[in-house]
Amino acid sequence: MTLILLLLILLAAMLYLGVPVAISLFLSAGAILLALDIPLVVAAQRMSAGVNVFTLMAIPLFILAGELMTQAGIARRLVNLSESTLGSAPGGLGQVTILSSMLFGAVSGSALASASAMGSAIGPEMRKRGFDADYTVNVSTTASITGLLIPPSHNMIIYATAAGTGISIGDLFLGGVVPGILTGLALMVVAGIVAIKRGYPRGSFPGVRPLLRAAVTAMPGILTAVIILVGILAGIFTPTESAAIACAYTLVIGIVVYRDLDLAGLRAAFVNSARTTIMVMFIIATASLFGWVLAVLQAPTQLAELLAPAMASPLLTLILIAAMLLVLGTFMDMAPLILITTPIFLPIAMEVGMDPVQFGVMLMLALGIGLLTPPVGSVLFVGCAAQGIQIGQALKTIWPFYIALLVALLLVICVPGLSLWLPQIIG
Amino acid sequence: MLDRVSRIVSRVLLWASALSLALMVGILTWQVFSRYVLDSSPAWAEQSALVLMIWMTFLGTASGIAEGFHIRIVEGVNSLAQPWRARAIGLANVLIIIAGILFLVLGAQLVGATWNNAVPTLPLTRGMVYLVIPASGALMALFALQKLLKGEEIAGSAGSA
Amino acid sequence: QGSRALLAADSQPENYPTVAALRFFASELARLTGGRLKVDVYPSEQLGSQNDTLELAQLGGIDLVRINSAPLNVLVPETLVPSLPFLFRSIAHMRSAMDGEPGRAILAALETHGLIGLAFYESGARSIYTVDRPVREPQDMAGLKIRVQTSDLFVSMIEAMGGNATPMAYGEVYQGMVQGVIDGAENNFPSYESSRHFEVAPVYSLTRHVMAPEIFAMSKRSWDKLSPDNREAVLQAARASVPVMREIWDERVIESRQIITAAGVQIIEDVDRAAFSERMQAVWSTYADTPALGRLVDDIRNMGETDA
Ligand code: NA
Ligand code: NA
């Protein structure tokens, strides 16, 4: 117990100093190895073994697919489709933003890409029609979180890896569909109410023919998600291969069909995704060492003992876990948190009867909310940057959207069927 | 001069990473294609893509120190007043240098220990693949040392989601 | 040796026979040393996959490991011998070989690779199971896509048996059989049962092609830190854990067989093992490719089932 505390204090101190998360994980775990009289070379072994995992290859590939989609102009066409569908609803463009964020988050799997793509694709239009910037930020950032739930989602693959063997990525992907859509609907309700209160205009329905035209143009983009899901579920290719296929397919769409993808765009896509991949994979490597040290210290058992009084009530246990995830999510990023918390919380959640697929969905949503909360909230920051406003300005009015997300989280915890129904009937 | 050299090195590392990523896509797409169209899976595909991913990760890690795109928390340091702020930044750079040296030494030990372990389906050993770890450690330490000497902060990035 | 407990890693979950054997080893060792040597057992891959824990043990990061011989095959050629297909005639033959001179030679070979071989455990006999086709003779294997672990030996074996080997992650096998990506896989009764693979591949043909033992070893670095008395105690506790392991294993096989029989699995008994065995000469000579390994193969083949 003392060593666990020492480990966490060292980690917190280094994070506070602004040492990169990966290096903080590496050094704090290394100090514990010394204390345990375990040869330090173990640290190098754990890091290399942590990234020497075949299924992890899906992560860089899905990140690249998301970048390529941004460069290929898929986002813009999804916005057109959403506007033809929902432009006339209360909140007009707000609803459009949510639907397009859901669609783009769904196909790209990246909340960050979605928040920035939507911010720049739809923001200027909203400003022109009298929507406030804070509203635009609130809507586009919170809706981007649904992309973590709606497949594909490289964060779910990180979770499946952290959970060890036995969780089917196909089941996880299916498990996120209903909660993802539900979360989107909850956000739409809130966006509508806020829009009515603020007296925002609605658009008019463009008619069936333009709607169909928008749908046809957007279809190649939407098809990516379909290809990936169907491909994995039908056993045509593995999740990793599906990610490569998604990249190859987007390349073809971007170059041949949409013709929006030029050499500069291609280079940007590859370099951007290399950067993101490196930071994610570096954390995966060092978190693998950190997790190993936690395992040697038997941290899950220790935490289970702490939680024992609450564990008589499964619901209370799960809500406590979710609350801890939300707190951790305020100051840490998603990928490292998935890797650090899964081996600790998943065994406890399973002991009180939660299915690992449902846990994965809960984890995505809880940590997804963390992407929207300061001091470390990358999606919120990117959204604010895209609209050119201060974070404080967006925070003042974001709370109704937080409530919608928390309600969705509570539903995911209390109603296992939301996550498990689809995998059971299809998987 | 030194600045220019280190900027070029870190750029090259990043481009090498991006190229590895492109090769991974190519290899895995080829794997699916050849399985369905040519009715045979290339045995080397899986492992070579994996080796590329490991190289890409560790090569790029050093460039992430130079260009400052690793995930970190800046709020703590930003809330400090001078001279504590400068001291904290210096300490953080020292910690990165220590980490880099450890990568170098421990990575070299790991290379030694796995030098004869064959990578299945490829004419490589694990030790050869892991050479990238000490190399990355050395560069990390050098890049951080440069920042330490200049009193510079390691920049941080938005996040990974 | 400091005050820290020795770390013992196993990939199998709690209550699995090898883990039970490790727990027995731990209590026996504590008894023999009057509590001086304590062992913490980490089941369920808590400290890493088999390949990881093997490497960690070589580096001295884990003190004790229980792994199957596959990850050792690439390192220590001697461990390939008991993994050769159709080498053992029966479980009794395998046990007497591992308890006897061949077994001692294989354990001794681990030392140059940073490990001290303590004992052989086992995982019974592996057989082929399929979605619908019984496998009685090599012709039945034609066109069958059988999942194997990522191992050149298993690929050569399935090809030599007449089928198509498809390396695939264990976690994807169930789904793979449902979707027809593969037609079957191969494993022992307990794994076939606990993985629920029998639900989708209900034809189990007793090919018993591989009876590779499991290996229980200590990190040489940790071993070197022990006093001679403590080393003796470790060896003695390890030896004592073997009969315990076998008894639990045998019970487990019977239990699993009852479960899958009750579930309606068709067990094919009349497999022509001799016909398969004849096709293995090339596999044996490819993998046991030195005179020393060849002698080890011959020694094992010439053993009776009760010589030890
Ligand atoms: Na998604
Ligand atoms: Na946050």
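Keep in mind that glycine also has a Cβ here, set from the backbone N, Cα and C atoms.
These come from TrEMBL:
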DOMAIN    A:8-418  domain 'TRAP C4-dicarboxylate transport system permease DctM subunit'
TRANSMEM  A:51-74  transmembrane segment
TRANSMEM  A:135-152  transmembrane segment
TRANSMEM  A:172-196  transmembrane segment
TRANSMEM  A:216-237  transmembrane segment
TRANSMEM  A:243-261  transmembrane segment
TRANSMEM  A:273-294  transmembrane segment
TRANSMEM  A:306-328  transmembrane segment
TRANSMEM  A:335-353  transmembrane segment
TRANSMEM  A:359-386  transmembrane segment
TRANSMEM  A:398-422  transmembrane segment
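For the transmembrane segment (A:51-74), the most Cβ-contacting stretch among A:172-196, A:273-294, A:335-353, A:359-386 is A:273-294 (pairs under 8 Å). Listed as Cβ neighbours of the transmembrane segment (A:398-422) (distance under 8 Å, sequence separation of 6 or more from its ends, same chain) are residues 134, 137-139, 142, 145, 174-179, 182-183, 186-187, 189-191, 193-194, 315, 318-319, 322, 354-355, 357-358, 360-362, 365-366, 368-369, 372, 380.
Same-chain residues lying 6 or more positions outside the transmembrane segment (A:172-196) and placing a CB less than 8 Å from one of its CB atoms are 89-92, 94-95, 97-99, 102, 106, 135, 139, 142-143, 145-153, 156, 159-160, 229, 232-233, 357-358, 360-361, 364-365, 397, 400-401, 403-405, 407-408, 411-412, 418-423, 426-427. For the transmembrane segment (A:216-237), the residues of the chain that approach it from at least six positions outside its boundaries are 65, 69, 74, 77-78, 80-81, 103, 106-107, 150-152, 169-170, 173-174, 243, 245-246, 249-250, 253, 257-258, 426-427, judged by C-beta separation under 8 angstroms.
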